[in-house]
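**Q** One structure, as C-alpha cells, below. Some questions next.
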Amino acid sequence: MPDNDNVGERQTNGLARNRAQSLELHFSQVNYHLKTATKGFTQILNEACGTFKSGRLTAILGPSGAGKTTLLNALAGFKITGVSGRFLLNGRPRDLMAFRKMSAYIAQDFVMLNLLTVEETLWVSVDLKTPSAKSAQEKQKIIDDIIDILQLQSCRQTLVGKISGGEQKRLSIGIELATNPPIMFFDEPTSGLDCVSSYQVICHLQRLCHDGRIVVCVVHQPGSRLMQLFDDVLVLAHGEVLYAGEQRTMLATFEGSGYTCPQYYNPADFVLDVCSESSNTQRCESLISQNKLTHCPSGTNIQKLNVGEEALIEMPQQAAWPDLAQVRVKEQVGFYFQLRVLLRRHLRSMSRDMIAVQLRLIMHVVVALLLGVVYWQIGSDAAKIVSNVSCLLFIILFVFIGNAMPSILLCQQDSAVFIREYYNGWYSLRAYYISKVLADLPLQLTCPTMFISISYFMTGQPPEFERFAMCWAVCVMTGFIGHFVGVISGTLFSMQMSIFLVPSGTIPFLLFSGFFIRLNELSWFLRPICDFSFFRYIFEGLLRAIYGYGRGDLDCHANFCYYRTADQFLRDFGMAGDEFGWDMAVLGIFVALLLFFFYVTVNFCVRRALR
C-alpha cells in the first residue's frame with residue numbers, strides 16, 4: 001500500500017513536469033446513485049466514460065437533466081457520496097486531495113461578495129490561496145497578471161455588485177487562477193450572458209487551455225460561432241455518454257450510427273436534438289457502445305476505494321454525514337493570517353452595506369429620538385410609572401428586532417461564499433467563525449449604545465451613571481441575543497423562512513417576560529417557561545436598573561400616585577431584590593449558548609452542502 005501523503009506530494013510536486021509534458025484525465029464506468037425519499041436510489045450517471053487532455057478545450061453538451069453538472073461535480077471531486085468509477089490522471093490512480101489542490105471548479109452560481117472591489121476580491125484569493133511566505137510585491141504581480149489576462153483593467157476599482165455579467169464571469173475565473181491550476185472545470189460559464197459576452201468568456205477559456213491546462217466546461221446550447229472554439233466534445237443523454245472525443249470527428253461518428261446532420265445546421269443543436277429524441281428505452285445504443293469501446297476497454301476491473309489511493313470512489317450506501325477530510329483541501333496559510341484577512345474583509349464589506357449597516361445605524365438614532373419625544377421626561381414621575389414601563393418594553397423589542405432581522409440579510413449574503421471557500425481550503429471553520437463573531441462586535445456595541453444614550457436621557461430616567469451603565473449592559477446583551485438568533489436562523493434557513501421564524505419563534509416568549517401578566521399569576525404548568533424566556537431576564541434587569549438599588553420615593557406630579565416608592569412597584573411586579581447581577585449572568589449564559597449553537601450551525605451547513 002503506497003503512503004497516502006507521498007502519493008499526494010508526488011502529484012502536487014510533479015505539477016510543473018506535467019504541465020511541461022501533458023496532462024490526461026481518464027474516467028471510465030462512472031456511476032452516480034442519488035438516494036431519494038420515495039424511490040430509494042435513482043441512477044443519475046450510468047457508466048460514463050471519456051478522456052480530457054491538456055491544451056484542448058472540452059465542452060460537455062446535453063439536454064437539461066442529462067447529468068452534465070453531476071458528472072462535472074464527480075470529476076472535480078466535489079461529489080463523492082454515491083459515486084463509483086475509475087479515475088486516472090496520466091495513467092495513475094487519481095489521489096483526490098492532490099487532485100483538488102491542482103484543480104479549480106467554478107460553479108454556475110459562483111457567488112462573490114458584492115461590496116468588495118474586483119482588486120480586493122483578488123487580493124483575498126491570493127492572500128489565502130498562496131503561501132504566506134510570498135511578499136506583497138509578488139502577490140501584487142499575480143493580481144496584475146490576472147487582471148491583464150482577463151481584461152479587467154476598466155473595472156479594477158469597481159464593486160463586484162456593479163460590474164457586468166461578463167466581467168463577473170471573468171472575475172470568477174480570476175479568483176481560481178491565483179494558484180495557476182492546471183485543471184479547470186466550469187459549470188455553464190456562459191449562463192445569463194449575451195452572445196458577445198459568451199464568446200469573450202469562451203475565448204478566455206481557450207487562451208487558458210492553450211497554455212497547457214485541461215479546461216472542461218458545461219455549455220448549454222452554444223451557437224455555431226461559439227462551438228468552433230471547442231476542440232473536444234462530450235455528449236450526455238440520460239446519464240450516458242453518447243460521444244467523447246474530437247469535435248471534428250463528432251458528426252462523422254453520429255452519421256455512422258444513422259444520425260445525419262443537415263447541411264448548415266449547428267452541430268450543437270443537432271446533437272441536442274438527437275439526445276432529446278432518445279429515451280430510456282431507445283438510447284442510441286450504437287453511439288453508447290462505440291464510446292465505451294473507445295474509453296472503457298473490456299476487462300477493466302473496478303476495485304473498492306482505499307482512501308488516499310483513488311482508484312475508485314464507491315459508496316453504495318450514502319453516509320449520514322460525508323467525511324470532510326475526503327473532499328476538503330488543507331489551508332495554505334496559518335490560522336492567525338486567515339483570521340486577519342477574514343476580519344479585514346468582513347469589516348470592509350460591512351462598512352459599505354447600506355441596508356444592513358448604514359440604515360440600521362440611522363434607524364436606531366431616528367427611533368431613539370422618536371421614543372424620546374413620545375415619552376418625554378416621564379421616567380421620574382410616579383404618576384406615569386406604567387407608561388415608563390411600556391417605554392422600557394419598547395426599548396427591549398426594538399433592540400432585539402432591530403438586530404435580529406438585519407443579521408438574517410448579512411448571513412444570506414455570506415453563507416454561499418463561505419461554503420465555496422471553505423471546501424477549497426481557503427481557511428478553517430474556526431477562523432471563519434471567530435472572524436465573523438469579532439467583525440460583528442463593533443456594530444453590536446454601536447447600535448444599542450446610540451439608542452440607549454439618546455432614549456435614556458430624553459425619557460427622563462435617573463441621571464445616575466451606575467443606572468445608565470446597567471441599562472446599557474442589558475441593551476447590549478439584548479442586541480447580542482437578537483443578532484445571534486438572526487444569524488443562526490439566516491444560516492440554517494432561506495430568507496423567507498428566517499423572516500417568518502425569528503419573530504414567530506421569539507415574540508411568544510415575550511408573554512412570559514412579566515409585563516403582560518405577573519409571573520406569580522401564571523398557571524403552575526406555564527411557570528417553568530419563564531425560566532427559559534430571555535425576555536424575562538432582560539425586562540427584569542431593566543426594571544431593577546431603573547427602580548432598584550434604593551431609589552426610594554418617586555416624585556408625584558398628580559393628586560394621587562399609587563406607586564409612591566420604587567420598592568413598592570418592584571414588589572408588585574414580583575421583581576423585588578437587588579439581583580441585577582443574576583439577570584446579567586443568565587443573559588450571559590444565553591449568549592454563550594447562542595455562540596455555541598452558531599458554531600454547530602456553521603458546521604452543520606458545510607456538511608449539508610455535500611449531501
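Even glycines carry a Cβ here, placed using N, Cα and C.
So TrEMBL has the following annotated:
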DOMAIN    25-263  domain 'ABC transporter'
TRANSMEM  354-376  transmembrane segment
TRANSMEM  382-401  transmembrane segment
TRANSMEM  437-458  transmembrane segment
TRANSMEM  470-493  transmembrane segment
TRANSMEM  500-519  transmembrane segment
TRANSMEM  584-606  transmembrane segment
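How buried are these features, and what lies next to them?
**A** Long-range Cβ contacts of the transmembrane segment (500-519) within its own chain (Cβ-Cβ under 8 Å, at least 6 residues beyond either end) map to 389, 393, 396-397, 400-401, 404-405, 408, 485-486, 489, 493, 526-527, 529-530, 532-536, 538-540, 573-575.
For the transmembrane segment (584-606), same-chain residues at least 6 beyond its ends with a Cβ under 8 Å from one of its own Cβ atoms are 324, 415, 418-419, 422-423, 429, 432-433, 437, 473-474, 477-478, 480-481, 484-485, 487-488, 491-492, 534, 537-538, 541.
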**Q** Of the listed stretches (354-376, 382-401, 470-493), which one yields the highest count of Cβ-Cβ distances below 8 Å with the transmembrane segment (437-458)?
**A** 354-376
**Q** So what's near the transmembrane segment (382-401) in sequence-distant terms, Cβ-Cβ under 8 Å and 6+ beyond its ends?
**A** 367, 371, 375, 447-448, 451-452, 455, 459, 475, 478-479, 481-482, 503, 506, 510, 513, 515, 535, 538-539, 542-543, 546, 554-558, 561, 563-564, 569
**Q** Is the transmembrane segment (470-493) packed against any residues at least 6 beyond its ends, judged by a Cβ distance under 8 Å, and which are they?
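**A** Long-range Cβ neighbours of the transmembrane segment (470-493): 395-396, 399-412, 415, 436, 440, 444-445, 447-449, 451-453, 456, 461, 501-502, 505-506, 534, 538, 541-542, 544-546, 580, 583-584, 587-588, 590-591, 594-595, 597-598, 601-602, 604-605.
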